[in-house]
């Protein structure tokens, strides 16, 4: 937070809204500004979302306060209106041509003030901000409206809402209404802030075509605890859904003289691909980037279809092909390519031009030799993190060279790694050649971002798709021809109907399959469609015209990227005129925020461009770097030790950090090797403590270096303590409630199993659990849970949890709150890091990353009475008929279990129960090693 300016007597408080409001300071009691009402109303009609955010604040202080309204909205959205109501007067935002607003913007910059109200934040969001002075006891109402067309990606439409009030709000309500005439096929919600107290505040109602999601927490539900006046709301609320569809010409919807045509047919066979991966391995890709690229590339290669052909080109100063020509994606070739990808090292310059021309030549030669399968699709996928530095370095020349070489025969997709990449260069390179560009954000999930992008283009269904409508029925149609349709995506065409057109709108959609052309026919009654969109009371009306304008502007702006210089101005003029006519804040317009006469009139809202990100000081991760920029002391570089990784010097954003455990020290930490029979992970023990040697200790017989002497004494004392102290109680790898028992449990460790293990499977439950056990760590290195209905994969590792559905993967860090509800499955994770996978009809499976002794993943089961009689697996076998042997005469703490004809020894032991999360509770259980 910036300090108050000396010339003003008022203090400053931020009110940050992210769809809901976000108050970025402390509570109202301290600052005087109180958000007493926050509402968001989002109405989605046929994928077009109209969102209104309203915040009402009051200044309860005795002095003037400055309130800053700040909210986040999706990058693809256009702001359409902003207003403030102060003392009964409405002060609207006025949308103007950007050049017209430039004078006000420049005047503000000349005064050293921040005039831009919108800036990029994070990956897919932009931040809107405006400030105003608030008199004592005065009330202000802020209202912001924006609109967007939800894009189908990997079979899902997604609406993202950030929830971060940072103070308790008396009236906090969020309503999302969805109306889809095609029918809603599934609906799911996910949040990263939900607690057990908040579950009842989120309600979902759904019928065939409508859905209503409401979030309305009470004051007590918002509190972290009854004793704290701080809010627990801090995270994302995500709504995902899809609609019913069939093999048809799509769905035509009509309202108020405009129409929209959605096309995403089901049941088409995926076309074979010819894929050339062009991978940057220049020096700037070293470290985490190249590591994640290798990881993603290996998994992408595994996803290739046997019908596909592929090759790899890696480049730095020079470009190199993995194989002389395209090779089939056979198991043998994929395994060899995986080995090659695993050995890619980063070094040298960036020769993009030669690498791209080599990729085109590779496809050309295969085409000339008739080695491309009939009806196949040829793709080039480029991954780079920087500007060209070797060979041809002029971006325009490279774009021209590639465009001439491709000549419209192949599709090029460009992935820009990080914020230093020239995104504008890559975007034009891709759009010139029938593809698209995507920024890969440098983060812990970069490999997943790469894999998800590949999944978007991995399954082409149709090529050369064209939409045709009767000339006497429509006018002003948006783009109606497309190069490729991919599985999980959707083509959208919108237009205006003729005033006296026919009563029925017909459409013909044609495209190419691998071996034949295909034509779809569809029609829609104008009168019936008009009536359908007028009937729902809670869906906003006259949206279709705005959808058409929104889509037209987006496409015109995209066309300017690859248009010639002569055509660019005409395209911009068309987009500008529509932006002004429909009050959209786009890259060509600005919104001037008006204020009372006694306040400065210098704030202007402009739409950021994706290509401008490299010039903006934006940090999408934590606020660590921002903290140091504000003058805080930077800690000295320090080191930490992990039982799993050993010594590690952790680099922070502005320096390094060190984690010391007072009084804990091992010989390895002092720079000496541990004993040869002690594995690396045992060199450090969290329970060891160094005792002070008594003053009467006998003198040494020689005079070694004092530092060495201290080390020797410490090591001797540590060894002595280890032999005298009982081994600490450990957490088992898996905790299994015994069938028919309410208290007794099995604590199971599969110590004698090697490689991936089928832990349990139940075909009637539709669940399977596999994992890999590491004997040295006495825990699992990974666990994967597969559900058949819904089809979901949950892969847990010590780093994070990855959830995959509809070929789309999302990563979640341990101990981050998660609450996801979909038909047939609920996933929850709290701050302890306990992940629960449950459903009223399913066994509950719990996963936990245990970072205590025996670091690794842990597994637990609940509601095991729901297992069917067909359950099996290393752990599942204990839910078949289990026979207990009689206690040994001399020791009732030992029993024998007979399961499926095999005997297992069970010992009564004290273990740590982690079913409620760390640090665990000591329990007595029957311990079994498998």
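Placed from the backbone N, Cα and C atoms, the Cβ positions cover glycine too.
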Per Swiss-Prot record, range annotated region 'Proline-rich (PRR) potential bioactive peptide' [choices 627-657, 658-688, 751-781, 782-812]: 658-688
Which listed span Swiss-Prot calls region 'O-glycosylated at three sites', if the choices are 705-711, 712-718, 719-725: 719-725
Mean per-residue pLDDT computed across the region 'O-glycosylated at three sites' (719-725): 42
Residue among the glycosylation sites 207, 517, 577 whose Cβ has the most other Cβ atoms within 10 Å: 577
Lowest local Cβ density (other Cβ within 10 Å) among glycosylation sites: 81, 274: 81
Candidates 81, 274, 925 (recorded positions) - the one closest to residue 577 (N-linked glycosylation site) by CA: 81
Proximal residue to residue 925 (disulfide bond) among glycosylation sites 81, 207, 274, 517 (C-alpha distance): 207
Candidate nearest residue 274 (N-linked glycosylation site) in space, where candidates are the recorded positions 81, 207, 517, 747 and distance is Cα-Cα: 517
Protein Cβ atoms within 10 Å of residue 925 (disulfide bond), excluding its own: 23
Residue 747 (disulfide bond) CB neighbourhood, other CB atoms within 10 A: 25
Closest of 81, 517, 747 to residue 207 (N-linked glycosylation site), Cα positions, recorded positions only: 81
Cα-Cα distance linking residue 517 (N-linked glycosylation site) and residue 747 (disulfide bond), given in Å to the nearest integer: 61
